[in-house]
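Visitor: Encoded as structure tokens, here's the structure I'll be asking about.
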Amino acid sequence: MSTRRSDKQRINAKDEGCCSVLFLKYVLFIFNTIFLLSGLGVLGVGVWTLLSKSSYVSLLSTSLFSVTTYILIAVGAIVVVIALLGCFAAFKENRVGLMVYATLLFLVFLMEAVAGVLAYMYNTSIQGELERNLNNTMINWYHFDADKTAAIDKLQREFTCCGAVSFEDWRYSRWLKEAKEKNTTQSINKAPDSCCKTESEGCAVSDHPSNINYNGCLTALSNYVKEHLIILGGVGIGICFLQIFGIVFACCLAKRIKDYKYKEVQVQYAYAR
């Protein structure tokens with residue numbers, strides 16, 4: 001009987017210290033709490049970016065910005081679920097659940113890495129893209145495309161700017177040319193009303209610098225998008241590094257549970273004999 005008791009004591013002794021099942025469980029609980037909060041943070045950043053930037057997406061020629069944002073929103077939601085799964089698997093000492101948890105962490109790690117890289121790649125090309133497309137969008141689509149018109153007006157109001165490079169861009173717009181053809185006797189706007197320093201209907205009839213903004217929107221929009229992309233990329237890559245610790249701790253705990261349960265079976269077999 002004393003031999004059996006000493007065997008069990010040796011097993012319990014081996015499960016003490018910095019790599020014990022109990023220690024790793026607590027570490028994983030703490031990690032998943034942080035991970036859950038980070039998932040909610042990623043989700044919040046993604047939703048905030050989508051809502052605050054959705055009107056400007058129509059001014060961008062590629063969908064990389066939207067794709068990056070949607071990936072982060074999806075990752076944030078998945079992270080919340082994975083964090084809860086990790087807590088449950090650790091609490092139940094479920095080895096299969098821990099391995100599923102580690103696998104999901106790795107898949108999310110890849111998704112966030114992709115989102116971070118896309119954000120970085122787009123950040124380096126946004127200036128050139130806007131230079132090629134913003135002026136063209138304003139000249140050809142203002143007043144003829146509802147989404148683009150609303151986006152341009154919002155852009156000019158929020159950044160107190162006018163045109164792509166300067167207010168003079170509007171002189172070559174399709175909208176202004178048609179307005180001139182229809183109104184040969186009346187005074188017409190030299191730019192959209194959203195260019196005015198104090199906006200009111202027909203306020204842009206005068207293009208005096210005291211009345212409308214002369215600076216273009218290109219630099220302001222480019223800087224604004226870049227700031228958001230830096231946030232998206234930083235959040236995505238930052239969470240990637242956090243997940244590495246989760247994968248390591250989950251695998252270590254699964255290994256310790258396997259070893260501990262194997263030793264318990266050995267002791268029970270010895271008792272049976």
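Positions of Cβ are set from backbone N, Cα and C atoms, glycine also.
In TrEMBL, annotation is done automatically, which means it is predicted and not curated.
The transmembrane segment feature in TrEMBL is assigned to 21-50, 70-91, 98-122, 229-254. What TrEMBL lists as disulfide bond is Cys161-Cys195.
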Visitor: Would you kindly check 21-50, 98-122, 229-254 and say which stretch has the most C-beta pairs under 8 angstroms to the transmembrane segment (70-91)?
Guide: 21-50
Visitor: Sort out the residues at least 6 away from either end of the transmembrane segment (21-50), same chain, that have Cβ-Cβ distances under 8 Å to it, and list them.
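Guide: Same-chain residues near the transmembrane segment (21-50) but 6 or more away: 15, 66, 69-70, 72-73, 75-80, 82-84, 86-87, 90-91, 93, 228, 231-232, 235-236, 239, 242-243, 245-246, 249-250, 252-253, 256-257, 260.
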Visitor: Using a 10 Å cut-off on CB atoms, tell me which of the disulfide-bonded residues Cys161, Cys195 is the least crowded.
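Guide: Result for the disulfide-bonded residues Cys161, Cys195: minimum number of other Cβ atoms within 10 Å at Cys161.
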Visitor: Quick check: in three-state DSSP terms, what is Cys195 (disulfide bond)?
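Guide: Its secondary structure by DSSP: helix.
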